[in-house]
């Protein structure tokens, strides 16, 4: 079983990318579980066709300790298993703790047992790794491969670099490695070349360049992944290609994060900062 976490700046398209890629893996016959690690609880919406899933934390609050796996794990598109950790009420408590509680509960209830025959577990994790709870999938060895969703915008690259620092911090203890950067295009000038250069300097690969396409939004409005909503569309093939690349990926590295000056120089070199 491969344990993968998807990180990236808030709003970059992690949940969309994760669900569409998972749909591609499911189409290939892979058994996948998706664990949403975001208080918004939107990491499985497209796989479940818009069913607002009751989160692990909500279930615990309402049911107490008497929780069954079926209460928190729902089957979605292509036989994918979906769960959302959820979070505390706004303004109260720590969302990072929610992730820790949820993953521990899933383990206790046997979600990862061999009889489940899982090929993949995907953790879709909120934003930057600035809070210890959100770093938990990296820190405790729950995730072994990290893919960062990025774009050619400065803050997305800054966040990607920060996440690499988090990977370095826990590479020895948790055994986590960076599998690559997924460029989710925002149509910035020289975006592909810039992210390729960022990857080269960090010591990783741009595993896929995902073009910007309105079909993704159309599918989302219909509460589906692109592969589910319009399987013949070119964008569905892009997600299939990404799924195949992840499935075949052997390049797992400890990244070399850049200094801020190096990151800014990269932006200047490609004319973004002018």
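Every residue, even glycine, has its Cβ placed from backbone N, Cα and C.
It should be emphasised that the depicted structure is a prediction, and the values quoted were computed from it without experimental measurement.
Quick look at what Swiss-Prot lists:
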- 8, 9, 10, 11, 12, 13, 14, 15: ATP binding site (BINDING)
- 94, 131: [4Fe-4S] cluster binding site (BINDING)
- 97: ADP-ribosylarginine (MOD_RES)
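The most crowded of the recorded positions listed here (14, 97) is 14, judged by how many other CB atoms sit within 10 Å of its own CB. Sorted by the number of other CB atoms within 10 A, the binding-site residues 10, 11 start with 11, the lowest.
Counting only the Cα atoms, the space from residue 8 (ATP binding site) to residue 97 (ADP-ribosylarginine) is about 19 angstrom. Spacing of residue 9 (ATP binding site) relative to residue 94 ([4Fe-4S] cluster binding site) is 19 Å (Cα to Cα, whole number).
Its own atom aside, the Cβ of residue 94 ([4Fe-4S] cluster binding site) has 14 Cβ atoms within 10 angstroms in the protein chains shown. Cβ neighbour count for residue 15 (ATP binding site) (all protein chains, 10 Å cutoff from its Cβ): 24. Contacts of residue 13 (ATP binding site) defined by a Cβ separation under 8 A and a same-chain sequence distance of 6+ are given as 149, 184, in order along the sequence. Between the binding-site residues 8, 9, 8 has the most other Cβ atoms inside 10 Å of its own Cβ, all protein chains included.
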